[in-house]
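Take a look at the structure below.
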Amino acid sequence: MFSHLPFDCVLLLLLLLLTRSSEVEYRAEVGQNAYLPCFYTPAAPGNLVPVCWGKGACPVFECGNVVLRTDERDVNYWTSRYWLNGDFRKGDVSLTIENVTLADSGIYCCRIQIPGIMNDEKFNLKLVIKPAKVTPAPTRQRDFTAAFPRMLTTRGHGPAETQTLGSLPDINLTQISTLANELRDSRLANDLRDSGATIRIGIYIGAGICAGLALALIFGALIFKWYSHSKEKIQNLSLISLANLPPSGLANAVAEGIRSEENIYTIEENVYEVEEPNEYYCYVSSRQQPSQPLGCRFAMP
């Protein structure tokens, strides 16, 4: 079971690595400027990190077909029609492409090279270029409100009175458009930050699970080794105890059994003779040592 754990951890990390980049689609028309947002938050003011923009999806390392690159201080490489519109010193590394054509369609990679292993933030932004729409030039409408102030006529018993309310305030469409763009960029930046944070949390969780499984495997191997060593040690101690048993005890036990069998007997001999009617008998006591002479008693009639 444990042999499959390292392989599963590698697959999990590869899956998280491949799904790290996000893809968002943006549209523009031929002849317009295309805007591809990309943001990050510097750790401290002026503490910048390298950023690269490339044509094509984000590879495992760096950017492919680099069109713009920054370092910790300034923009050190760019090609024509590609430039940064925002303040990159504050983390705004959004790319602007001037006067786009149909050939500019495709996926662009924004890679924020944060120091550390697998800490880079990768964003794949799909740019779709549409042909320009042919529309008649709009005629400029005259602001009649500004030219003719509103008149309020009151009728009463006396002569009619005319009051001037003044012209309505002009609405600056340029300011409204700029505000809408800023709100859109802010919303996109928040979405990108949330996506990056979610992916990073997923990677940390996967790495933690792999580390926990590896530690469990190591502890299991150590416990198994300790158990085997303890069992072998107990067997060795048992053999040593049997080998160290005093031989005298075993020999004494055997000799005692033999001696008991030899000493428990009685020699009785009766001699019946016509010529000598005397009888005699001998006995051996169980307490008498084998080396002592036999004790015999004679009985006379």
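From the backbone N, Cα and C atoms, a Cβ is placed for every residue, glycine too.
Within the set C38, C63, Swiss-Prot assigns C63 as the partner of C52, by disulphide bond. Feature annotation from Swiss-Prot across T145, T174, T178, T198 places O-linked glycosylation site at T145.
C296 is the residue among C110, C296 that Swiss-Prot describes as S-palmitoyl cysteine.
Geometry remark: C58 (disulfide bond) versus G116 (Ca(2+) binding site), CA distance 18 Å. Of all Cβ atoms in the protein chains displayed, 26 besides its own lie within 10 Å of the Cβ of C110 (disulfide bond). Around N119 (Ca(2+) binding site), taking its Cβ as the centre, 12 other Cβ atoms fall within 10 Å, counting all chains.
Listed in sequence order, the residues of the same chain lying 6 or more apart from C52 (disulfide bond) and placing their CB within less than 8 Å of its CB are E62, C63, V66, L68, R69, T70, C109, C110, R111, Q113. On the 0 to 100 pLDDT scale, the model's mean across the topological domain 'Extracellular' (22-202) is 80.
When the C-alpha distances from C38 (disulfide bond) to the binding-site residues G116, M118, N119 are tabulated, the minimum falls on N119. Around the Cβ of M118 (1,2-diacyl-sn-glycero-3-phospho-L-serine binding site), a 10 Å sphere holds 12 further Cβ atoms from the protein chains shown.
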